[in-house]
Each structure stands twice: as C-alpha cells, then as structure tokens.
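Taken from TrEMBL, the feature active site, proton donor applies to 551. Look at TrEMBL and you will find 594 tagged as active site, proton acceptor. According to TrEMBL, the feature FAD binding site maps to 113, 114, 115, 116, 254, 550, 551. TrEMBL lists 103-126, 294-308 with the feature domain 'Glucose-methanol-choline oxidoreductase N-terminal'.
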Ligand SMILES: Cc1cc2nc3c(=O)[nH]c(=O)nc-3n(C[C@H](O)[C@H](O)[C@H](O)COP(=O)(O)OP(=O)(O)OC[C@H]3O[C@@H](n4cnc5c(N)ncnc54)[C@H](O)[C@@H]3O)c2cc1C
C-alpha cells in the first residue's frame, strides 16, 4: 500500500491497522455493501485468499439508526448513510430531478433499505439464462439462496393468529441473513389481506419458491426476537471480522481501478486507487479486482478507470483504456406511488404513524426497548399480479407495447434490446400462462408519502408499483473527478406504455380502499384526494409524486457483448483478464420483486465462480 502524499501515514481499517509498508497478496473488493461484504466473507473462507474491501462510507457499527427496524426513509439526505443522488431532469415527468437514496457505509443499501424480503418468479430468473448467461437460472438461485436465508420461525401464537403459512421447503434455516415475519403484524394488514382476497387476488402459491403471483405474508430482513435489522454487516462482516485474511477500509473513496495491458492485449487489473482523508492511496491486487459499488457507482468507477464509451470518456477528460460502449447503459427502474387514507376516529389499529409525529416518537422509542410498538411493525403485505388481472383492456396495452417496440427497433434500438423486449412482451401478453406479475400493490399501515400525518390521526396506504418497465436510462460521468456525481438519467416513462400500466395499477390500488372489510374503517382519501378523478389527472398526480423503488439495475449488464453486455457470465468485464463486477448493476433484465435477495444470492453464486467451484 502506498500513500502518494504522505508515506508515513498509518491507515486504520475497521478490523486492522495497516502501515504503508504492508504487503497484500489479495483480491480487492471495491464497495463494502450488500454484494461486496458477501463476496469478501465467502472468499476469505479460504485462509489462503486475502481480501481487501474499500468502502467509501463509514463503518456505522452498532448504530441504532440502522439496527432499529421501521426507520423507513429516516436516513435520506444524511451523508453518514445516504449518497443522496439526484437524477437529471426527467423529461416525461415534468422535468423533475428525483432523489435517489443509496446506502453509503458498511453494508451499503442493505443498511438503509426497508427490509422487505421477496424472491422473483422462477421464469424471470430463467430469463437471465435465456439472454445468454449459462448457469444463471432459478435452480441455482434457490441453491445459493440457501446460503443466504436464515429463517427465524414465527412463534406458535403468530402462526395461529395470522394463519401464517409454512415455507418449509422454499426457505432455508441455515444461511447468513436473518429473515422473519415482523414482531408486530398490525390488524390492519390482516384486514388488507382480506380486502385483497375480496378483490379476487389469489394467495401466491409459492412466494419464496418461484411463484409469488398473488398476495402473501411477506418476511423482512430482521430478527423479530430482538427485534433488529439483519444486513450485510451483521450477516457477513461481523461474524468474520477477525479473519486475518480480510481487511476492510472505510472512508476509502475508490477513484479508479489501476490497469495494465496484458500480453494478450486485454487489460489486467493490478489494483485500485482511493481517497482517504484527502490523501490518495493505492492498493495492489495480485489476483483480481471485484467492483461492487452498486448500480450507480460501478459504471462511474469503470468510466473513471478509462473503461467505457469513448465519447463519454473523452468529454470527461479521461484517457481511454478500453472502449466499451455499453458501460452505464440499459438502466432499468421500478416505480412506486402511494394513495393514503385517513382512518375513522376511534379505529384502534396499530399503525406506524407515531414514528412521524414528534410528540409520539419518545413513547415509540420507550416501547421499542421492550420489543413493542410501532418500530416493530414491519411491511408484511405484498402483492404481485400480471397486468391482465387488474387492467380492463390488457390486450390494448399489449398491442400498444408491441407497436411501440416495433417502432423503436425500426428507428434503431441498441443491440440486444429487442431480445429483452421480446421477453417483456411475452410477460405482458394476456392469456399466456407465463404472464409475468409485473404490477405490484403494497399495503402499509400508516401514511406513506410526502405530507406528514396529522397529529392524533391514523392512516393506511395502498401503493402501486411497476416492475417490468420498457424504458431504458443511463448513468455516465461528466468529469474525471471521482467526487463529482455522474449524470443519472432514468428516462422514466419515455415508453408511454410504462405510464399506462402504472395508471392501471394505481387505479387498482386506489380501488382497494373501497373493498371490505378495510373500507368500513376509512374516513377519507387524503392523498391525492377526491378531486383527482380522470386518467389525465391521475397521470398528472402520479408523474409528480412517484418515486424510484431503489431497485435500479442493468448499468453493467451481464449479456453477450454483441447484445449490450459489460460482463460475461463469469462476471468478468469484457476486454479484461481479472476485473469482475458483482452487484445489482449486472442484472440485465428486471423482474417482479424487490432486489436484495437477488443481490445476496448472486453474490453467493459469484463467490463460487471466483473460487472455481461453481458447476452450472
Ligand atoms: C432506500 C432503499 C430501500 C430499499 N428497500 C428494499 C427492500 O425493502 N427490499 C429489497 O429487497 N430491496 C430494497 N432495496 C434495494 C436493495 O437494498 C439493493 O438493491 C441492494 O442492497 C443493492 O446491493 P448492491 O451490492 O448492488 O449495492 P449497495 O448495497 O448499495 O453497495 C454499494 C456499496 O459501494 C459503496 N461505494 C459506492 N461507490 C464507491 C466508491 N467509489 N468507493 C468505495 N465504495 C463505494 C457504497 O457506499 C455501498 O456501500 C432498497 C434500497 C434502498 C436504497
């Protein structure tokens, strides 16, 4: 390790103190987040492999702001926890610049996420293999999920009261991340699930076994007995922190991967450069470098390293080492909105509203010390349905999507996009068995949205979400300065059909408030309110208030190179010998589901690939 500005500096890692003369024989993992810590923990199981993790944020160990469940959105804008990204002006959403939170610090986004545990439909993971990635299929997904999931059994009282299902064969008890049903499931969620049933939504047959189509009691990433968050730091770092072959540096902002041209003409990664306390350091990698900075920052670090689209690099004043035009492209998003309803006075349902009312917060904190109260209410009611289940004219939506794809392809779509869109059209086509459950309805017992709840009132919220959007965005650097944010352009609703599907999902979510038995407890809709009536008004409302679901993927897609790929199925960046990417950026086509389970699972599979023990 060398410090360019001060050779006498001693740099303390979280678990070791290293001097500038320390020598590593190692693999370097750039980013100590969800995937980064998973990889580091698995690779260092072999004592002959030394791994150095470089994380830009702080360690934030034993931090109640992270460990306490139900701290939804409280980290947003705080640089200790959140990168606080903003998109560029979104042309099809009234030029909104949208806030994109991302975990900064050990554990990455798993430290600040909403702890929802869902797994995608089996066919949608198999689609990744269909796109040209042997071994990336549902069978392996479930195999590696076994190493991730550690189910904490619900209590017999919980099972009886809520008729909680058994997931005997689909969820493991032996993995690293504690998952379980929330300690407190509000009676509001019980009523919401009945309302969904009354609206004709089936129970999902195997929500954790490849068929989440329908509604189901959803687990969260926490130990409900304590109750406290389980995330990459507690699951993968802390149990292994004393391994002499794992070194973790925090406040280490990676500025670039160091490369040399190998004898075969490919680039070889030989280390990484990072900034710590305003000083520039570099660390050598003898085996390989693994980029795990997440879907926003991994393409940025690649471009800062001279790997990316020539024009982008030249505009930013970065010398081109490898012209790889697809870096930062194929960005895909999930969108979410929210309808909030005030409950009638005197309705005695537990909601999370006190957490947003300053006068009630101290009381909630006291209750939490006893393992009770609103901090222990989780998010257990999720529903995934295909468009045809909720839209009155699904065929018209399908035809419109098809026509749109044909038009864009004729005009010249990026290589490989047609293959992705064909799969998306299959998922959308009505009457087909494989109809993908791309529309999501989330129930939340509490006000969930921009306006604070009124003191003393209680609320529930129905949120629509879309998971199979056709629009594609990009992330690119505009400067060679690693401290400058890249341009994030999601191209939200560039494909009109994305908005059409969102509107239909919204109408369905809103209608849920009229379903018994929950309906009888609702006083009125407060967001957006009854004045928003027509489709046009609804579209106007949704484009003003919708949010990212923080599931951005695809910016370093795993695909054949001529189909838009940045990494191959062994996760190596094309044109390099030993630079891999392991994080959500590699997911080439989005699915119906939240993403953390997939990031952990993919990282487990990646670890076996890197160890050389993976069998497709
Ligand atoms: C607010 C929020 C709520 C969410 N809710 C849920 C949910 O309820 N359920 C669910 O399944 N998913 C949820 N997600 C998504 C899920 O958490 C992420 O998809 C997943 O954690 C991403 O893992 P990753 O390894 O790709 O990136 P991350 O976990 O974000 O890790 C990237 C790491 O790299 C570090 N880094 C970045 N740049 C650099 C650099 N230049 N140098 C050094 N380090 C760097 C970051 O600080 C971070 O620690 C949520 C995400 C957010 C942000």
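Every residue, even glycine, has its Cβ placed from backbone N, Cα and C.
Among the residues 113, 114, 115, 116, 254, 550, 551 said to bind FAD, no two Cα atoms are farther apart than 29 Å. Annotation: 594 are the recorded positions among 115, 116, 254, 594 whose CA atoms are within 10 angstroms of the CA of the residue listed as 'active site, proton donor'. Long-range neighbours of residue 115 (FAD binding site) (same chain, six or more residues apart, CB within less than 8 Å of its CB): 69, 220, 221, 222, 229, 378, 379.
Residue density at residue 594 (active site, proton acceptor): 25 other Cβ atoms are found within 10 A of its Cβ, drawing on all protein chains shown. Remote same-chain residues near the domain 'Glucose-methanol-choline oxidoreductase N-terminal' (103-126) are listed as 14, 31-37, 55-61, 66, 69, 72, 75, 79-83, 136-138, 141, 145, 179, 207-213, 218-222, 229, 231-234, 237, 248, 250, 294, 378-379, 382, 384, 427, 434, 436-437, 550, 589, 591-594, 596-599 (criterion: CB distance under 8 Å, separation of at least six residues from the stretch ends). The most densely surrounded of the binding-site residues 116, 254 is 254 (count of other Cβ atoms within 10 A of its Cβ).
If you take every residue in the domain 'Glucose-methanol-choline oxidoreductase N-terminal' (103-126) and average the pLDDT, you get 98. Applying DSSP to the domain 'Glucose-methanol-choline oxidoreductase N-terminal' (103-126) sorts its residues as follows: 9 helix, 3 strand, 12 coil. Cβ neighbours within 10 Å of residue 114 (FAD binding site), excluding its own Cβ and spanning all shown chains: 19.
The Cβ neighbour count for the residue listed as 'active site, proton donor', using a 10 Å radius over every protein chain in view, is 25. Neighbour density for residue 113 (FAD binding site): within 10 A of its CB lie 23 other CB atoms from the protein chains shown.
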